[in-house]
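Working notes for the structure below.
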Amino acid sequence: MDNPVAAEHIRHVTPDEAAKAAARRRRAGEESSLSVTRRARKIQRILAETYPYAVAELDFDDAWQLLVATVLSAQTTDVRVNSVTPILFATYPGPQELAEAEPESVQEIVRPLGFYRSKARSIQALANRVVDEYNGEVPGKLKDLITLPGVGRKTANVVLGNAFGVPGVTVDTHFGRLARRLGWTTQEDPVKVEKDVTALFPPKVWTELSHELIYHGRRICHSRKPACGVCPIADLCPSYGEGPTDPQVARKLLAYELKPGREELLDRYMNGATRRELRAEGHTLSA
Ligand code: SF4
């Protein structure tokens, strides 16, 4: 059968191959920890081939911008945050300027994100602390980052991994769901998920694995109705069958640049275009 996903680089697993792999796993019984590790690493390699353009979905130029964008992203989408931050950083380029800004002006800028009064308060409190205690520079250590107002372990790991090059996994809702579906953990608590998953991989892939899993969760392995029938890791996933396994039905569930009709956008990503470039060309980049 032809690959139902119109993208040559995406691994194609037929329903027959996925069903046979599931039957083999059932016969083999409980999986050894060595086998879980091998399977996990193979999955990561396939996801890296599937999403070679996976990066943090928040736009930023430096650690400060990423820190603010991540705090703003609570209870809203990254796409929406990316639509607001260019104005915010053009108006208040650094922590000093944001700390000194009129609260009402900051609120006005972040209003489209919802909870705008508390979000404006949070980022101004953050700016104050970074100015007062860290001389206007975002600290590059987990123990310092998590003392900043509004910054938990997840935000700190995002900043460390993407702005400081310190390996870390970011356990958001997609990451946790996928790690459980893939049989890498049975834990719900993000810190325990992080511990289980980091034990399966060398640190050098932790940050990219976070992006790849989050991309996969947004595009294919949705929380409701994962698109199992077109999933490139279907034969390696113990949860195969949680969503439709018919490739033609599953194909309709693909999102973002994998959505049918978005082949041009996917080609551009595969050829190295960045989100900012694509947006400048008029692509909305929302699902
Ligand atoms: S649940 Fe389905 S879509 Fe998700 S990883 Fe497993 S096979 Fe793929």
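Cβ coordinates are placed from backbone N, Cα and C, and glycine is handled just like the others.
Some features that TrEMBL has for this protein:
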type	residues	note
DOMAIN	72-219	domain 'HhH-GPD'
BINDING	CYS221, CYS228, CYS231, CYS237	[4Fe-4S] cluster binding site
DSSP-assigned states of the domain 'HhH-GPD' (72-219) in counts, ordered helix, strand, coil: 101 helix, 0 strand, 47 coil
Intrachain C-beta neighbours of CYS221 ([4Fe-4S] cluster binding site), sequence separation six or more, cut-off 8 angstroms: HIS174, ARG177, LEU178, ARG181, ALA227, CYS231, GLY243
For CYS237 ([4Fe-4S] cluster binding site), nearby residues of its own chain (Cβ under 8 Å, 6 or more apart in sequence): ILE43, ARG181, LEU182, GLY183, CYS228, CYS231
Per-region confidence, the domain 'HhH-GPD' (72-219) (mean pLDDT, whole number): 95
